[in-house]
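J.: Structure incoming, see below.
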Amino acid sequence: MYSPSNASGSSGSGSRRRRSSSSDGYGTETAMTTPLVTNTTSYGAINNKQSETLDTTANDPIIEKQLVRKLDKRMLIWAFLACFAKKLDRNNLQNAFTMGMDIDLGLNSSVYNWSLTMFFIGYIVLQIPGNIIITKFKPRLVLPTFVIIWGTVVCFMAFVRDYKELWMLRFCLGLAEAPFYPGMVFLFGSWYKKSELGKRIAFFSTGNEISAAAGGLIAGTIYDRMHGAAGLPGWKWLFIIEGLIAVALGIIGYILLPNLPHDNNTGWLTKQERENAILRTQQQSKQVTLDSYNWSTVKSVFATPYSWLLMVNSSCLIFCTYLQLNFAIVLRDTGFPVSFSNYMQTPLFIFAAISAVCIGWSSDKKDDRAFHIAGLQTWVGVWYLLLFLFTTKITVTYRSDPIIVLFLVIIGTYAIAVASSLPALCLTWTNEIYKDQYTRAVAIAFINAISNLAPSLLGIKAWLVTDSPEFWLGKLSGVCAAFASVIITLSIWFMLRIDFMAPKTNSADDGDNDDQQDDIQR
């Protein structure tokens, strides 16, 4: 079974450490004499010759609660708001077109589609390099800087004169946004324990759903209030205002974000809280640092089946969310008014966000990732199958009977939206499978990059607007993706259980390895 070793510098005594969770969700630990590495020769490299013994008060549960609350109030809240701004800036091109950008610049639908493609090209290019940068330099400086850059790029989009400039800026936007999401997932995994991680990554990721729910309302408000102000059309104000939101958040991020636990330059942490953070990392058997990227890093990620299976699994999970992305089109083409169809997206995405937090909390509470993913994907697959069979066999009733539409389209879409948090849960699981910081950073970036690209390419053919409202191919593909995800998830769980080619870390304390051997299977 999977039994990664303790981080460099852990105790050689072989003493066992037991974990428990308090009722408020903040974990407590009982280890007392773990040596703490404090001297760093450079950011991301530890001098193992110099160390000191932890002050026993650093293991105080009160200090641990203070640490986690500080992380929640600063890092978690900032990450959620930045995720909200990221999705807002990525998707505001559609709102700009509806405000008249296409008419003012003489752009057509082909230009719009290529603008989306240019974003994803940039997004894929910088995923892995971006996460490597975060392990080499201070995350407190790197991540907010990228937020400021993408906000600046969005502001510049207000002044494009033709499609070439638009494509160039969309490519730059993809580059700037690429390191943020995998970088934050990596940083969360460096600070939070397994019992805390799932619900927090889920909450952070709900910034996407809340942005989708509020994006249209924000765009409409900007257009109503700012169109014509200073002689600028509403779509230009949209880019300027939403870009400045990101710039402001980036500046705030320099204050609120921490560095990695072994770095003592996070000013809002006390010495005891920093020591407690390192102790928590060691107790999770996570290696904080390695000397450098080398062949073993690449081999740990790409020469074992886990990164590939997790990538395919995450792609299936994201593909299964496409019905809710087309929900307004389905309602419109079923016969509902256009305004009603658009407004109905807001409660759907709010419901998806609430469900995501609940599922993340349950996953942490039950100490499980695999069966939450497999169980929910079975639920999703059944609903996709029902909708597929319905839309291919009684199409006339589908268009004419509002009762059937209500229960099998609206309720079916809400039922499937329950599982919208699963891509984030899959990355949470990745955080736990890969223990040392470099392989973890590369694996998260690789999985996030490909699993965003692959469903987008497949969705172009599977979710054709001309197939609306039936979307029979999209729903059939959803059935296949959901049940494929179930099989892949259970396969990963089983391989970890039998320790088949499991990612390894440098050996340190065999006693602690035995104590941790069942931790990752779940």
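Glycine is treated like the rest: Cβ placed from N, Cα and C.
A quick note: this is a predicted structure, and the numbers were derived from the prediction, not measured.
Sharing the feature lines straight out of TrEMBL:
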- 1-31: region 'Disordered' (REGION)
- 75-506: domain 'Major facilitator superfamily (MFS) profile' (DOMAIN)
- 111-134: transmembrane segment (TRANSMEM)
- 141-160: transmembrane segment (TRANSMEM)
- 166-189: transmembrane segment (TRANSMEM)
- 201-223: transmembrane segment (TRANSMEM)
- 235-257: transmembrane segment (TRANSMEM)
- 308-331: transmembrane segment (TRANSMEM)
- 343-361: transmembrane segment (TRANSMEM)
- 373-391: transmembrane segment (TRANSMEM)
- 403-429: transmembrane segment (TRANSMEM)
- 441-464: transmembrane segment (TRANSMEM)
- 476-496: transmembrane segment (TRANSMEM)
J.: Might you confirm whether the transmembrane segment (141-160) is in contact with the transmembrane segment (343-361), defined here as three or more C-beta pairs under 8 A between residues 6 or more apart in sequence?
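T.: Stretch pair does not touch.
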J.: What stretch in 201-223, 235-257, 403-429, 476-496 has the biggest tally of Cβ pairs under 8 Å against the transmembrane segment (141-160)?
T.: 235-257
J.: Honestly, do the transmembrane segment (166-189) and the transmembrane segment (403-429) touch, with at least three Cβ pairs under 8 Å and pairs 6 or more apart in sequence?
T.: yes
J.: Between the transmembrane segment (441-464) and the stretches 111-134, 201-223, 403-429, work out which stretch tops the count of Cβ pairs under 8 Å.
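T.: Answer, by Cβ pair count: 111-134.
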J.: Given the transmembrane segment (403-429), which of the listed stretches 111-134, 201-223, 235-257, 308-331, 476-496 has the most Cβ pairs that are under 8 Å apart from it?
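T.: By Cβ pairs under 8 Å, 308-331 leads among 111-134, 201-223, 235-257, 308-331, 476-496.
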J.: Can you name the far-off residues of the same chain, 6+ from the ends of the transmembrane segment (111-134), with a Cβ under 8 Å from a Cβ of it?
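T.: Residues 90, 93-94, 97, 102, 142-143, 146, 163, 166-168, 170-179, 182-183, 186-187, 293, 438, 441-442, 444-446, 448-450, 452-453, 456 contact the transmembrane segment (111-134) from elsewhere in the chain.
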J.: Taking only the residues in the domain 'Major facilitator superfamily (MFS) profile' (75-506), give me the average pLDDT of this model.
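T.: Averaged over the domain 'Major facilitator superfamily (MFS) profile' (75-506), the predicted model reaches a pLDDT of 87.
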J.: State the non-local partners of the transmembrane segment (235-257) in its own chain: residues 6+ outside its ends, Cβ under 8 Å from one of its Cβ atoms.
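T.: That would be 74-75, 77-78, 81-82, 85-86, 88-89, 92, 95-97, 99-101, 104, 139-141, 143-159, 187, 218-219, 222-223, 226-227, 229.
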J.: In the same chain, which residue numbers or ranges, 6 or more beyond the ends of the transmembrane segment (308-331), come under 8 angstroms Cβ to Cβ?
T.: 302, 340-342, 344-345, 348-349, 352, 373, 377, 380, 384, 387, 409-410, 413, 416-417, 419-420, 422-423, 426-427, 429-430, 433, 443, 446-448, 450-452, 454-455, 458-459, 462-463, 465, 468-469, 471, 474-475, 477-478, 481-482, 484-485, 488-489, 491-492
